[in-house]
Amino acid sequence: MDLLSGTYIFAVLLACVVFHSGAQEKNYTIREEMPENVLIGDLLKDLNLSLIPNKSLTTAMQFKLVYKTGDVPLIRIEEDTGEIFTTGARIDREKLCAGIPRDEHCFYEVEVAILPDEIFRLVKIRFLIEDINDNAPLFPATVINISIPENSAINSKYTLPAAVDPDVGINGVQNYELIKSQNMFGLDVIETPEGDKMPQLIVQKELDREKKDTYVMKVKVEDGGFPQRSSTAILQVSVTDTNDNHPVFKETEIEVSIPENAPVGTSVTQLHATDADIGENAKIHFSFSNLVSNIARRLFHLNATTGLITIKEPLDREETPNHKLLVLASDGGLMPARAMVLVNVTDVNDNVPSIDIRYIVNPVNDTVVLSENIPLNTKIALITVTDKDADHNGRVTCFTDHEIPFRLRPVFSNQFLLETAAYLDYESTKEYAIKLLAADAGKPPLNQSAMLFIKVKDENDNAPVFTQSFVTVSIPENNSPGIQLTKVSATDADSGPNAEINYLLGPDAPPEFSLDRRTGMLTVVKKLDREKEDKYLFTILAKDNGVPPLTSNVTVFVSIIDQNDNSPVFTHNEYNFYVPENLPRHGTVGLITVTDPDYGDNSAVTLSILDENDDFTIDSQTGVIRPNISFDREKQESYTFYVKAEDGGRVSRSSSAKVTINVVDVNDNKPVFIVPPSNYSYELVLPSTNPGTVVFQVIAVDNDTGMNAEVRYSIVGGNTRDLFAIDQETGNITLMEKCDVTDLGLHRVLVKANDLGQPDSLFSVVIVNLFVNESVTNATLINELVRKSIEAPVTPNTEIADVSSPTNDYVKILVAAVAGTITVVVVIFITAVVRCRQAPHLKAAQKNKQNSEWATPNPENRQMIMMKKRKKKKKHSPKNLLLNFVTIEETKADDVDSDGNRVTLDLPIDLEEQTMGKYDWVTTPTTFKPDSPDLARHYKSASPQPAFQIQPETPLNSKHHIIQELPLDNTFVACDSISKCSSSSSDPYSVSDCGYPVTTFEVPVSVHTRPPMKEVVRSCTPMKESTTMEIWIHPQPQRKSEGKVAGKSQRRVTFHLPEGSQESSSDGGLGDHDAGSLTSTSHGLPLGYPQEEYFDRATPSNRTEGDGNSDPESTFIPGLKKAAEITVQPTVEEASDNCTQECLIYGHSDACWMPASLDHSSSLQAQASALCHSPPLSQASTQHHSPPVTQTIALCHSPPVTQTIALCHSPPPIQVSALRHSPPLVQATALHHSPPSAQASALCYSPPLAQAAAISHSSPLPQVIALHRSQAQSSVSLQQGWVQGADGLCSVDQGVQGSATSQFYTMSERLHASDDSIKVIPLTTFTPRQQARPSRGDSPIMEEHPL
């Protein structure tokens, strides 16, 4: 398939290339003597013309044989198919190629033109004529005589004349044979260098002239063709006397050149031969061999005696350029000498070029006829120029003598195509006589000329042209038929029938006109009426007689001139106008419309009123009628007059019309009541009147007419009980119901009478007083009631005037007074109840006001906080409060050594220990609502208070306190975290409920500036009264670590617990030790903290249990002997990487700040178990430092929120494994937020709240849970806890003996699943006899040993 496709593409490309070149050659092979109508080839297939893309051809493809006029071609070609056939002419190779050497091929050439011009190509076809054996070889003579000396040696050879065969190749002479030689002679054949075969006679026996002097035999020559042809000749051998020597040529081969114009007698060459004999035997005779052609014998002369060769006739190189002359030199013997003379005739420019015209377009009487509309490049003839001369003498060019719309385009050597170079135009040039010139390149050049005649045939390519492009004619109307209007004319540039023009009316021409077909005269055949048609616009056509005919048109405009032949015409014969009677004077009554079909002045109409009527005027131009009077319908209802209309024609025409003006009534009168005559009249209605009885009739009249006078009645007021009804047309008032006692009295009925006028109806009203009673006993009272009713406004709810119930007003007043009294009493009662309920709150507010000097909230939040306090219901705690006080010192940041200003805050305290004992530590949590945005919640731990009993005998010097650094812009209230004032409210300033005495403690505290970031833990020293732990935190957390910035002040808060307090602050759990103990460490710490510094932090924010926002994880345990003062400086990154917006505003707390992890060697089960009991944030943090299996197990047991957080920070393998056990919501959320390499920097931190109660079931701890560490006293035993020894973490069930330093860890427990608060139980050092016992679940309760 690929091969076929490639072949097809190659053929297409070849066809395109060939056709683009414009000329092509094709070779065929034919044999001579072929019969007629033998198929030679198919040009359509052989030239791949069927592969040419299908083009839109003007005519079908045509093949035309181009040959010279008078020639008889040997072949013919089918014009439609391109098939080539032989003709009846004989194909004779020997005749066609007589002058060429025998060793050259014989060709016959013709040209074929492929039409039409869109695909024109000229193809030269060369036919190679193959020789057939149609000629027999012949000897020069039928009898060959030869003489042989009798002393010829045996095997001597004597050359015989050669036979000649016109055929070539195998069909030529191939063999000779000697017949009847009597064994005396034999025959041998030799081949000359030119390829000729020469017979030689061989002497086979000794000759004896005396015995026999003559031998006669036959010699036969044969060719090699099929069938084989041969001929014979008689060979007569004469035996002569002995001849000892033979002639010898001095030169056996001679080649000479002689110009073809050499004159006759010119010596060609001189031959020299010698013979050693003497006498007669020495005489040499020169002669041409019988192999020399007849042409050579005719052109050259050989002197038999001297051997001189001369020109006998003029030479012609173009006829025979080379001649071979075989010369024999004989001394009379039988062995002549041979010499070959080769004569080359050189060319001279003796031949003029010849011009051969072969027509592609068949001529008529030697003239080519071309249509003027033939396309460009139309091929006309093939011009072949030849020159018989050689080289540059035969190089010919051809051209025309002057500028003509034709050109010669070369296609083959010395062949040119004559084609059109421009469009022909019969109208400009009708005939062309083209002179063709041909010149060779010889010196001097020779030229030749020929004439070619072309006649242009006219085509109908020109349409008639009118002399006018637009014809305008005017004619008056009312004309006589047959009037000639105008004559139109047109010309045509064509000739003959193409120029004959006929005139026709266009299809849009009206029937009123006619046109002469030959002359173009336009005539009106009907009477024209301008009022029907004022103009005519139509076309006239001019059509020639060509094929196809061509037409053109001209527009004719006929304008009709008007005549005053029409009178003005009113739109109506009679006009009736209706005007209201209130039409003002000179108002518009109406419009008279008049038309006149004429034009111009003939249609200018003027209007006027006849009979000199002065009551009305009419505008003469517009026809508007206006009154000069005021109308009164009652005086005159209509007016009549005539209007005249007259045109402005030369002979004017007029007409008139009747006008009637009718005055129309206007609704300008209201109905007037006749009955009742006034509003003061009344009608008596007896209570016994039956329903449906007409009790009264109102009558109203209207002075208008028609609908304006039609009156309708209706009740529009009074009649509140619907006791009466009125007929809208008659005005009869009918009683609708039976009257009872309540209906007695004067009824005031408002009756409306309105007309039906349009567009606005007019109306009047009247009061109809109907007195329902048995009789009129007191006319004065009735008249008074009527008078009062007239003075009172009338509404649809007008009540009746009851003469029998004068006390009704007093009853209404009494009812209103009672209702008002009851309302006042209810309002007073409600007010008292409300104030009673608000009394406790008012007292609490008063106390808050009294304590405002030491508890002042942030100014921006004061108003909002106070509003919250009023709205929330406070929960009251037991009446006990620890003794606390806070001292806040502020200094300028730029003066480090300044003493600063001391500010003392007074806090309420209660020193009674019995009160403390009443507080329920277990049931009263110190948690806050998670969404509370206040400072107290921010700095307060979210865990409930631990349940333990504080011993009152704890000495003051054993109490621990911690300094907490707070943001400068926050006011921290030092109210007890487990007190009533803050345990149940999110308001951090709700201290007014702490209704206890106030004791003031004042402790001086030095102002600290922020130490450098690389400062390590201070040395810890024992304190007698109190121990201070100071932690500095920059007020504004930043993302980048930086040192102390000058100009920013710091603040610290010191919390103290006095002697005898029931609550103490917690420290880091340090016992008695020296400063050197701080340097010991067991493993690396995160964030660059020193080991001791990290573990000595009481809370992430260094807050104490003794303030109002204490951290439960730092709960004090009785028995601690000493505390330490440390300063921890977390970097800015430590305090801000996991900060929330609340932390950035209020400062850092355990809600947002998380210390780094401690250990990386945790048990998988312990990690998973711890995560299952940790809050979401801790679980997510743990995920970051746990091995994959632990992460997956932990995630499967975590609540959805924890799973989502952890998944978002876990690597992809963990996410995939955990998601298999996660709910759909967690899967979708985690996958959406988890990056490919999920890591979170926040996982490096974990607050103390994240410790899990499940830690009791495994020895190792999760590596990311932040654990507190404390130093153990000697001889300490614990029921439950863990210690870090040499072998790692282990349970302290066995107890820790001796003075070895041990590290203990806290535990935490979630109260319930929905609560974010974590109860943290710190395990710290114990004095002897102290132990930890289990409490709720796994949370131990620390208590003093019984001893």
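Any Cβ shown, glycine's included, is placed from N, Cα and C.
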Swiss-Prot lists region 'Disordered' for one of the ranges 847-881, 1057-1091; which is that range?
1057-1091
Candidate set Asn679, Asn703, Asn773, residue annotated N-linked glycosylation site in Swiss-Prot:
Asn773
Asn145, Asn447, Asn553 - residue that Swiss-Prot labels as N-linked glycosylation site:
Asn553
Of the residues Asn344, Asn365, give the one that Swiss-Prot describes as N-linked glycosylation site.
Asn344
To which of the residue ranges 226-247, 1326-1347 does Swiss-Prot assign the term region 'Disordered'?
1326-1347
Determine the most Cβ-crowded residue among the glycosylation sites Asn27, Asn344, Asn773, using a 10 Å radius around each Cβ and all protein chains in the structure.
Asn773
Take the domain 'Cadherin 1' (26-139) and count its residues per DSSP category (helix H/G/I, strand E/B, coil), listing them in that order.
14 helix, 42 strand, 58 coil
Just to verify a number: CA distance, Asn773 (N-linked glycosylation site) to Asn553 (N-linked glycosylation site), in angstrom, no decimals.
109
Limited to the topological domain 'Extracellular' (24-812), I'd like the whole-number average of pLDDT.
88
What's the CA to CA span in angstrom from Asn27 (N-linked glycosylation site) over to Asn48 (N-linked glycosylation site)?
15
My understanding is the cutoff is Cβ-Cβ under 8 Å with a sequence separation of 6 or more in the same chain; which residues meet that for Asn553 (N-linked glycosylation site)?
Phe466, Gly506, Thr539, Ile540, Leu541, Ala542
Mind giving me a neighbour count for Asn48 (N-linked glycosylation site)? Other Cβ atoms within 10 Å of its Cβ, every protein chain shown.
19
Going by DSSP, give the three-state secondary structure for Asn773 (N-linked glycosylation site).
coil
Could you state the whole-number distance in Å separating the C-alpha atoms of Asn48 (N-linked glycosylation site) and Asn344 (N-linked glycosylation site)?
45
